[in-house]
Amino acid sequence: MNTLHHCYYQEETTVSNALVLWSCLFAIVVSITVTFKWKINLGFLTMGFAFIIGCMMQGETFDKIYGYWPDTIVSFLIGASLLFGFAAENGTMKVLGDKLLWKFRKNMNYIPFLIFFMAMILGFLGAGPATIVILTPLAYLIGTKARVDPMLIVLSIAMGYITAGYNPWTGSGAIFLGLVEKNAGAAGAATAFPTYMKIWMTFIFKQLLFITIFFVFYQIFKKKWNKKNQGSLAVEESPAAAEFMIEKPADLNPVQKKTLTLILISCIVMVVPSLLNVWLHPSGEFFKHLLQLIKPQSVLLIAAVFASIMKLADQKKVIDRLPISAILMIVGVTFLIGIATKAGLIDILVAFFKGAHIPKFLVAPALSVLAGVLCIFGSATFVVAPLLFTMVPALSTALGIDPVSLYAAIVIGADGVGSISPFGDAGSKFIAFTPEALKERMITRQFGMMFVVGIMCGLGALLGLWNIFAH
């Protein structure tokens with residue numbers, strides 16, 4: 001009797017979880033549809049659905065649902081918006097953009113590649129996600145004046161810093177190498193490093209291939225995109241624009257110099273201790289505490305406090321620049337995905353993949369797509385890779401597939417989506433620096449591009465492109 005009751009209870013729970021998951025999917029589809037049709041903030045809708053589904057179907061409390069608040073992402077958006085709001089309000093970023101644009105005025109078509117390689121350098125040095133903080137504000141100013149589509153700016157930075165940032169000596173690359181070593185065990189320890197180097201080289205190949213494809217499409221459709229962007233971001237074809245291209249920009253004034261100095265100090269504080277940790281591995285309680293303090297969120301907020309004390313701009317106007325609409329969108333969707341995760345979303349996806357009889361040639365594409373789906377709201381480095389990398393040795397042995405192609409498919413799928421997703425760890429950071437008039441539109445565009453890149457990653461795996469360095 002007890003066994004029968006236990007089985008019935010399990011079945012009832014499973015059905016309830018399935019109903020919750022379908023309800024969450026329905027809520028997302030309805031919310032996106034309503035947002036597009038009636039221009040209602042996506043965050044309002046998804047938060048409302050989250051509380052209804054969570055309280056009425058899962059029996060959760062308000063506090064529990066509110067506990068899904070994405071504090072890391074929101075604190076970053078607030079900190080970045082405040083500090084760079086001072087720089088935008090007093091004209092610092094505009095002058096910097098004008099100066100760099102002046103130097104490349106005869107080679108405007110190469111601006112996306114310039115941004116890409118600048119991001120690569122910072123990524124190789126170990127700046128990691130801080131690269132977005134350092135480079136995006138300047139890149140937006142340069143790109144918009146050069147009539148570069150803002151989506152191409154996002155892609156250039158996202159692909160650039162990740163390309164070099166996955167080297168085995170810095171942040172994410174070191175973590176991935178450690179996961180490969182752990183999976184290899186003592187018997188395969190000697191092959192772990194060569195295996196990871198092949199994964200990294202495959203990733204670099206994919207990044208260069210994708211940025212070239214996007215650049216070619218941009219050149220083909222540039223006139224159409226520029227016409228669409230006129231009056232919002234792009235510089236219009238006008239005498240004023242022509243005059244700007246001829247006249248040399250002015251120098252920074254004293255307030256702007258102080259602002260730039262504060263930003264540079266913030267960048268150094270974010271990057272240098274992390275580099276020391278990667279290269280020298282210093283020990284001691286003080287350094288451990290320092291590493292906790294120099295997270296981008298805290299550094300940006302502290303720098304904003306100094307900017308306010310120094311009266312670098314009108315504080316009220318800076319606060320008015322906070323991307324409240326974007327924050328509401330991210331919070332609402334995060335609430336909803338938190339409820340779906342509680343209902344077993346990730347466990348169901350992984351269990352289905354392990355139990356399904358997938359043809360050998362579809363294993364890598366399926367892994368790539370699964371990694372991308374999991375990375376829409378998660379972290380490739382700290383969530384998706386640790387979860388899916390554990391599946392690789394068994395799949396490789398059972399199906400006779402080189403582990404390099406499977407590892408590469410996971411990394412490529414996860415970061416192809418995660419680096420652009422407006423709700424992900426990295427992709428959400430771009431929203432903080434999007435011009436206010438386009439914040440909501442860019443969230444939608446990043447969301448759409450996320451699917452395009454995810455499909456391209458899966459298609460590349462299907463065509464065997466990620467096997468280029470495999471046996």
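Here the Cβ of each residue, glycine as well, is placed from N, Cα and C on the backbone.
Feature annotations, courtesy of TrEMBL:
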TRANSMEM  15-35  transmembrane segment
DOMAIN    26-160  domain 'Dicarboxylate carrier MatC N-terminal'
TRANSMEM  42-59  transmembrane segment
TRANSMEM  65-88  transmembrane segment
TRANSMEM  109-142  transmembrane segment
TRANSMEM  199-221  transmembrane segment
TRANSMEM  260-280  transmembrane segment
TRANSMEM  292-310  transmembrane segment
DOMAIN    303-416  domain 'Dicarboxylate carrier MatC N-terminal'
TRANSMEM  322-341  transmembrane segment
TRANSMEM  361-389  transmembrane segment
TRANSMEM  447-469  transmembrane segment
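Sequence-remote contacts of a segment are chain residues at least 6 beyond its ends whose Cβ falls under 8 Å from one of its Cβ atoms, and for the transmembrane segment (199-221) they are 109, 112-113, 116, 148-149, 152, 155-156, 159-160, 162-163, 166-168, 173, 176, 180, 404-405, 407-408, 411-412, 415-416, 453, 456-457, 460, 465-466, 468-470. Taking pairs at least six residues apart, the transmembrane segment (322-341) and the transmembrane segment (447-469) share fewer than three Cβ pairs below 8 Å and do not count as touching. On the 0 to 100 pLDDT scale, the model's mean across the domain 'Dicarboxylate carrier MatC N-terminal' (26-160) is 82.
Listed as Cβ neighbours of the transmembrane segment (65-88) (distance under 8 Å, sequence separation of 6 or more from its ends, same chain) are residues 50-51, 54-55, 94, 133, 137, 259-260, 262-263, 266, 296-301, 303-304, 307-308, 312-313, 317-319, 321-323, 326-327, 330-331, 334-335, 337-339, 425, 428-429, 431-433. Taking DSSP states H, G and I as helix and E and B as strand, the domain 'Dicarboxylate carrier MatC N-terminal' (303-416) has 90 helix, 0 strand, 24 coil. Broken down with DSSP, the domain 'Dicarboxylate carrier MatC N-terminal' (26-160) shows 110 helix, 0 strand, 25 coil.
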